Amino acid sequence: MVDLESEVPPLPPRYRFRDLLLGDQGWQNDDRVQIEFYMNENTFKERLKLFFIKNQRSSLRIRLFNFSLKLLSCLLYIIRVLLDDPTQGYAWSPIIWVNRSLPLWGLQVMYNLNILFFLSKGNIWEQILRIPFLLEIINAVPFIITIFWPALRNLFIPVFLNCWLAKHALENMINDLHRAIQRTQSAMFNQVLILISTLLCLIFTCICGIQHLERAGNKLTLFDSLYFCIVTFSTVGFGDVTPKIWPSKLLVVIMICVALVVLPIQFEQLAYLWMERQKSGGNYSRHRAQTEKHVVLCVSSLKIDLLMDFLNEFYAHPRLQDYYVVILCPTEMDAQVRRVLQIPMWSQRVIYLQGSALKDQDLLRAKMDDAEACFILSSRCEVDRTAADHQTILRAWAVKDFAPNCPLYVQILKPENKFHIKFADHVVCEEEFKYAMLALNCICPATSTLITLLVHTSRGQEGQQSPEQWQKMYGRCSGNEVYHINLEESTFFAEYEGKSFTYASFHAHKKFGVCLIGVRREDNKNILLNPGPRYTMSSTDICFYINITKEENSAFKKQEENRKNNESKACYHGPSRLPVHSIIASMGTVAIDLQDTGCRSSSGPTLALPSEGSKGGRRPSIAPVLEVADSSSLQTCDLLSDQSEDEITPSDDETSAGSEYAKGYPPYSPYIGSSPTFCHLLHEKVPFCCLRLDKGCQHNYYEDAKAYGFKNKLIIVAAETAGNGLYNFIVPLRAYYRPKKELNPIVLLLDNPLDDLLRCGVTFAANMVVVDKESTMSAEEDYMADAKTIVNVQTLFRLFSSLSIITELTHPANMRFMQFRAKDCYSLALSKLEKKEREKGSNLAFMFRLPFAAGRVFSISMLDTLLYQSFVKDYMISITRLLLGLDTTPGSGFLCSMKITEDDLWIRTYARLYQKLCSSSGDIPIGIYRTESQKLTTSESQISISVEEWEDTKDTKEQINYRSNHRNSTSSDQSDHPLLRRKSMQWARRLSRKVPKHSGKTAEKISQQRMNLYRRSERQELAELVKNRMKHLGLSTAGYDEMNDHQNTLSYILINPSPDTRLELNDVVYLIRPDPLAYVPNTAPSRKNSFCNTVGQDTREETQL
C-alpha cells in the first residue's frame, strides 16, 4: 500500500490549494509559451486593408466617399468648360492650355489626390497594371506637378476620365452593399446597372473629348457635342454637326470601336442573366408579400396536369381570386408549363421559382415566412416511393424550421412515414385513402366516385347539353359539395334548434333540398357524422351539409302552394311514439340486425311494405320523424349491446361461424400513427403456414379457394407487394358494425398468372381489386406508368367478363382505356362528350366515362383536390376520413348502403325514402347508385344491330319492356323514354360516324354480323382456354360463365338527388348510419327477453333495413 502511494507524483505547484486561494503566482516558472495570434494584421498595410476592404461597413463608406469625389471631379470639369473661353489661343494651343481659375484649381487638386486608397489594396505591382490605377495616375499626377510648378496650372488634364473611376467605384460599392445586407440574388440588377453606367460613361467621354478637341476647330459647346454623340451612337447621323480636325475624327472612330466591343459584351451578359433568371424564376417581391397574400407550392417535379389541377381547384373559390401562387421546384420549368404560365390569366398570379425548399435562401426568395400556406406534394411517379416520402419529410422540416407560423399542407405516400410530419396542419396519406376507397368499393359500390365528386369543385353544369337523361342528372348532381355554416346564422337549419338531428336533416332536405350530414359542437373539435336521433341541435353547432352551393350564395323563393294541406296528409295523427322496431332502429341499431329473427324473411335488407297497403286503395303511410327522440320508449328494449345482430337466435351454422370472431381492437399496429378501429377479430392467431391458400400444411390440406367452402364470395386483391397500406383495406371490411355473416374472405394475390387466379377462386369472387403497380411508375413517358395495370385489367376483363374488377390508376386520363372497346359507338360518343366538356373548362371532364361513373376505376391523383380544398374547408379531410372509415369518432356514424328491391318500390320517391329511414333507423341517405340497361347501344355483345334499322323498326317486345319498366323511371317527366333513347342513339351515331351518311346498309349489316361471329369465336376460344386450365388444375368449371358480362349496362351516381326523384329497382342508396355503440345502456337486460318483447309489438310499420 505504501509503495502504491509513493508512486503517485505530487501535484504541480499551480494546482495546490494555497495557489487556488492566493492565486497562481508561479506560472512564469513553467515551460509553457504564450502565443499571440493574427500578428500579420498589426502592420500598417494590413490595418489599411482591414479598414478599407475587409470591414464591410467601413469599406462601403469609403467607396461611397470615393464615388462622390469622382462625380464631383466630373462636375468641376463641366464647370470649368462652361467658364472657359475657347476663342483664346491659336492653332493647337486651345487643346493644350485651358483657362482654370485658382479656386477651381484648388478644388480639383483636392478631389483628385486619393492614391492612398489604391495603395492599401494589396500588392502595389498588381495595382499598377490595372486600368483604374492608370486612370488615377493620369488624373492625379499632373495636379501634383502643378503644385510644385505653378506655370502648369492651366495645363489641360482629362479629368472627365474620372467617370470610369466613378463607374468602378459604383460597382464595388454595390458589391459591398450586398455583402453588408446579405443580398446575393440581385445579379440581374448589377448587370443592368453596369450596362447603363458603361453606356453613360461612353457618351460622357465622347462628349467631353469632342468638345475639347473641337476647341481648335468648330468651337463646339457641350450641348452641341451631346447632340453629335447622340445622333452618332443612335446611327441616325444627320450630318449638320461634324468634327473638323483629325484628332476629333480619330476620337470618334476610337469611341465607336470601343462601343462595338464593350456594349455587345455587356448585352450578352445581360441576356445570359435574363435567361438564367427566367429559368430560376427570380424572386417574389418583399413589398408584394407584405401587401398581397400568397401561397407556396413545393414540388420535386412539376407536371402540367398537377399544375392545372391545383390552379383550377385553388382559384375556383371566389375569396382566393386575389391570391398569388409561388411555385418552388428544383427542376427547370417544363415547356408545357412555361406555355401555360404565359397565358395572361395565370402570368399575373403564378410565379415560378427554381430552387430547393431545403435552402433558406430559396425559401427567402419565395417569402415563405409571409405565406398564407405551404403545399408540399410528393412525386408519385417515383419507383422508390419511400425515398419520395423522405424528400417530402425533409421539405416539411425545412419549411417548419424557416417559417414556424406558416400552415403546412403535406401529401405523403406511405402511411408508415406519416408520423414524421404530425406537426403539419393537414396531411393526406395517399395509400391510406387509396386502399380505403378500394375496400369500400367492394361493399358500397362506386364509393371512390362518390368521394371524388364530393371533393371536386363544380357547378353541376356538366352534361346539361346532352340528349341523354342520365348524363343530365348525373352531371347536375355532381355539383354537390360539402359546406358548413353556424346553425344560428343559417336559414336552412336555424328553425331546428332544440330538435333532433334526424328531424333537422329530413325537414331541411324536404324544404330546401340540402342534406345535413354532420355537426360539430362549439367546444369540441371532433366532427360527428349523423350523431343519431338523440342528438339535439344547439344554436352554436356548426352544421355540415351537402348542396350545389353554400347557403351564402343562395336566394330563397317561397313556392305558391298550400304546404299545410300537404303536411297534414303526411303527418302521423296518433300519439307521439314509433312502433317498437322503429324505436329499436332509431336507437342506432344496424338496420340488418332484425334479419335473423323469427319474424322476418331472410331475403335481405328491404323496406317492407306495411300489411295495410294491400287491403285498400289508401297508399302506405310512413311514420313522421320525431322532433325529439322518445327516451321512455327507447328504454323498453335492448338490441344495442356489444353483440352483433346475427347473434340473436342464431342457427347452428351461424353459431359455429360466429364463435370464431370477437370484437376488439387489432393487437398490433402495422405502422406508427394508424387509427385504432373496433373490428371483428379471430379469437386465436392463425399460424403463418395456414395463410398460404395454394399450399397445404399440417393444419389443413386445402390447396384452392373452392376447397375451403367459403359461404360468402371472395374479395381478391392483386398487388405487387404486401405493404402496410393493406391494413386500411382490411379494417373497413372487418369493421365492428358489419354483420359477421356478411364478412367476405380476403385473398391477397401477389402474382397473377392464370393458374394462381383460378386457384384463388376468381370464377366465384365478388370483386377483384387490382392495385396500381409501383414498378411501372418510372416509365420514360409519364402517361405510360399505368400501362402494365391497364393491360392486366383488360386481360382479366376478357377472360372473366362477369368479374367485377376495381382498380386504381396514376393518371386520370388513362381511365378511358379501362374495359376498352374500340368498336363501341356509345363509348366513342362519350369520348366526344368528354372532349366538349374539357373545351368548356370543366374540371370533371372524365366523369362520363362508364368505368369511372360505375366506380370500377379511379385515380388517386383526383384526391389532390382534397388537400387543396382544405385551405378553404379545413374540415374536408376529417369528413372524408370518417366516410372512408379511416378515423372513428365516438358518436359518429359510418358510410354503408342498402339495395332497393321490389318490396321497397312502394316508397316511390327519394323524399319518402328519406322520411322512412329517418323515422325508423335514423339513417341519413346521401345519394343513389343507379344501374340502367343499355339496351339500345351498339356494344360488342349486340354489334350486329344497326342503329338505322332500329330507328325504322318498332319492336313489339321492346314496347312491352317499356311499359313494364315505365313505373321505375327516374321521374314523371320521362314518359317519352323511347324517344329520348332514339334521339340519344342518333346523337351517338352522328358523333362517332366515320363513313358517309348514305352508305349501304346491307354491306354494313353484313360486316357487323361477321364481326359478331368473329368475336363470338374469340370468346369461345378464351372460354375453352380457361376451362381447360381449370380441368388441368383439378378445379370444377361449374361456376365459370363466360357469356355473362356488364357490357350492356351503365351505372352512375346521383349525389343528394331532388326529393321527387323516383326510386328504381336495384338502386343502391348510400347511407350514413348512426354509431350503434353510441347509445349502449350501462345495464343491459336479457337479450332474449328483450327480443321477445320486441316481437310482441305492433309490426305494421316494421322497418327491415
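Cβ coordinates come from backbone N, Cα and C, glycine included.
As written in TrEMBL, here are the features:
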- 64-82: transmembrane segment (TRANSMEM)
- 192-213: transmembrane segment (TRANSMEM)
- 225-243: transmembrane segment (TRANSMEM)
- 250-275: transmembrane segment (TRANSMEM)
- 292-428: domain 'RCK N-terminal' (DOMAIN)
- 599-620: region 'Disordered' (REGION)
- 956-979: region 'Disordered' (REGION)
- 961-973: compositional bias 'Polar residues' (COMPBIAS)
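Non-local neighbours of the transmembrane segment (225-243) in the same chain are 202-203, 206-208, 210-211, 213-214, 217-218, 249, 251-252, 256, 259; each lies 6+ residues outside the stretch with a CB under 8 Å from one of its CB atoms.
Counting residues 6+ beyond its ends, the transmembrane segment (192-213) has Cβ neighbours under 8 Å at 74, 77, 81, 95, 156, 158, 160-161, 163-164, 167, 170-171, 174, 220-222, 224-226, 228-230, 232-233, 243, 245, 247-248, 251-252, 255, 258-259, 262-263, 266-267, 270 in the same chain. Mean model confidence for the domain 'RCK N-terminal' (292-428) is a pLDDT of 90.
For the domain 'RCK N-terminal' (292-428), residue counts in helix, strand and coil come to 59 helix, 28 strand, 50 coil, using DSSP.
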